[in-house]
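**Q** Quick one: structure below, then a few questions.
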Amino acid sequence: MEEIRVSVDEETYVSVLRLCEWKRGVEEGNRVYSRIAKSITHLSIRLGNALLSMFVRFDNLIDAWFVFGKMSERDIFSWNVILGGYAKSGFFDEALNLYHRMLWVGIKPDVYTFPCVLRTCGGIQDLSRGKEIHVHVIRFGFESHVDVINALITMYVKCGDVYSARLLFDKMRKKDRISWNAMISGYFENEEFLEGLNLFLLMQSLEVQPDLMTMTSVISASELLGDEKLGSAIHGYVIKTGFCADVSVNNSLIQMHCSVGNLVAAENLFCRMKVRDVVSWTAMICGYEKNEFPNKAVESYKQMVVEGVNPDEITIASVLSACSSLGLLDTGIKLHKLANRARLIQYTIVRNTLIEMYSKCRLVDKALEVFKQIPEKNVISWTNMIFGLRFNNRSLEALKLFRQMKSSLKPNLVTLVAVLSTCASLGALMCGKEIHAHVLRSGLDLDKFLPNSLIDMYVRCGKMGYAWVQFEMYEKKDVSSWNIMLTGFAERGQVKQASDLFRRMTVEGVTPDEVTFIALLCACSKSGMVNEGREYFNIMKNLYAITPNLKHYACMVDLLGRAGFLQEALEFIEDMPLKPDPAVWGALLNACKIHKNIELGELAAKYIFEMDSESVGYYLLLCNLYSAVGRWCGVASVRKIMSENGLTVDPGCSWVEVKGSVHAFLSGDESHPQIKEIKGVLEGLDERMNKASSEILGSASLIDKAETSRADIFCGHSERLAVGFALINTVPGMPIRVTKNLYMCGSCHNTMKFISKIVRREITVRDTEQFHNFKDGICSCGDEGYWRKLSE
């Protein structure tokens, strides 16, 4: 007709538009609309409604609104269609405004109007406007219409008013299955599971047959309740009533069984399914991943691909999480490429799990690249990236990212836990206090991990007093809370405080775990309390039936070795029921370094390098042993082996917090804007130190690394720069807290003692081994590990 230019009447246009709508012919529908726009100036109600219905079906609200505006007249169908289109697309405020505009122009709503408007009120959870619409329902005489009352029930439960919903439900003279489903699912959505299950039983007693929606809703409730017996009973009911033939019901059952950890039942059901869709496979993969069987999750995904089922965004996210746990970088990269090809990368959940996967596989820059590409970052995106930076020892960047996040999004509890861990690693006390204040101001729930994270932050920032206050305030202490405090005392060698706390812990009925005894053994080791350490080791085995693991054995070797019982430590290793790992031999090597026992140290190193030839720390221990006895050829030999194996020592880095900001100082880095002032302060202190009494040793230059003792080649001395910066930028008398990534050498240790005495400041340095609190020229460690080296 177009080709031969035959005029087309309105009825023909209407028929063709309905066909385009039915067949989802978007391109054809647009062609017809273009023809109509050229030939017809004013749209009639019939033709306008046909265009409106088609464009709304195509989710094309722009053209729908244009058509609505061009219509010379509109009826209730016109308003219902455009209102429903906006509501369906999530433009709830616009939909409600259209409803009120419809009333204003004098159009009376019908039975199709109210369900749409009420669905809108439920979508924005606006109970007051929903009640207003309820009044309109009564005013216009639809209070007895089943579809309208069902919509009212749904609105009330979506807005959290289950009581009003149940009143409406009970007053209904005639209920259909939608009524029952709306009320049952409403109870479940509002976590009133028992009420929902009781209503389901009432439904059965009245011989109202459930449908697929009823069953999936009840199964989901069983999943949320986590009741395995209830889940098995519902599974039996599904088989009895014949719903087991439906894929969606079986998928819900798989999810339910996996949620309660019954993977055997989930696997049996999955294997019996004749038809498995992407949801079936994803449910099984998610089940394996959530129940800590990442290997099976990856294997199931590979089988899914073999069977030709295309994954969706949830599948990709679940498999990526499994790859994160297993460190399967190659598989993760392939999934990233697949997500790009299948356009699943647009889903934030996929990008979030990619951030987690790359971070755990030590490709944090790749994770940052994915993070920056997310157009609308949610709180999980930010939290995963902060965790990723923290996990890869880039805590300063994590802290900056958190400050950036706060300007656009409110952090949740998981984010705060991540940032508190970051503050703890940097020793950023002021930032940690800010987060604590934020928690108190926000009235956040102090359950789960947050209280322990606060205690841990204060402990690791050197504020045991603050940590103790938080510990005492926290009523629901779990074993982790006690362990954090015990570890804090252990790091400081405060064995009496640790022992007293352990006794109180047992009196209050808290059962100690493996970590508890690691802390106690470490405390005894640092204090040289050998007999007490042996007693705790025996109590752990005999009284609490805890089988010692390799960490406990390493602690015992460290305890004996530090106290000078090197031969007994060796015999202890030889009598171990477990094969000693590098950490056990490393404890002996460290003891040999302290007591300068070359022969035994070389034996320990031999066993270590047979099992682990890539960990730099053990090479450094051996170097320190050789340097302690002046065997510089041995140092050179070890460094040559490290060079041949491509092993490098991390540069010394120290962090200091000044006025709420954390500043990092790398060894040998002179890029800091205040480096001249820092050098000036340190050189002045160096001169005063050189002129001091002969009791102060270690007169090497504080700045020139080349002049330091060869025994200190792996220190880096970065803590001196941090202290110098703090002296310039803080008021006299203010304590200085420094965190260092390496072990502090004897020269730096003496320098800190001297500075604390001269400037009359308390200086705390936390290195990789322990806390050093310098005050009036005395260190809290009692010069342990340094006096022997300096006595030469």
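For all residues, glycine too, the Cβ spot is worked out from N, Cα and C.
OK, TrEMBL features for this one:
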REPEAT    75-109  repeat 'PPR'
REPEAT    176-210  repeat 'PPR'
REPEAT    277-311  repeat 'PPR'
REPEAT    347-381  repeat 'PPR'
REPEAT    478-512  repeat 'PPR'
DOMAIN    704-783  domain 'DYW'
**Q** When DSSP states are grouped into helix, strand and coil, how many residues of the repeat 'PPR' (176-210) land in each?
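**A** The counts are 26 helix, 0 strand, 9 coil.
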**Q** So how many of the residues in the repeat 'PPR' (347-381) end up helix, strand or coil by DSSP?
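**A** Secondary-structure breakdown of the repeat 'PPR' (347-381): 25 helix, 0 strand, 10 coil.
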**Q** What mean pLDDT does the predicted model reach across the domain 'DYW' (704-783)?
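**A** Averaging the confidence scores along the domain 'DYW' (704-783) gives 81.
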**Q** Could you give the number of helix, strand and coil residues in the repeat 'PPR' (75-109) as assigned by DSSP?
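**A** Counts, helix then strand then coil: 26 helix, 0 strand, 9 coil.
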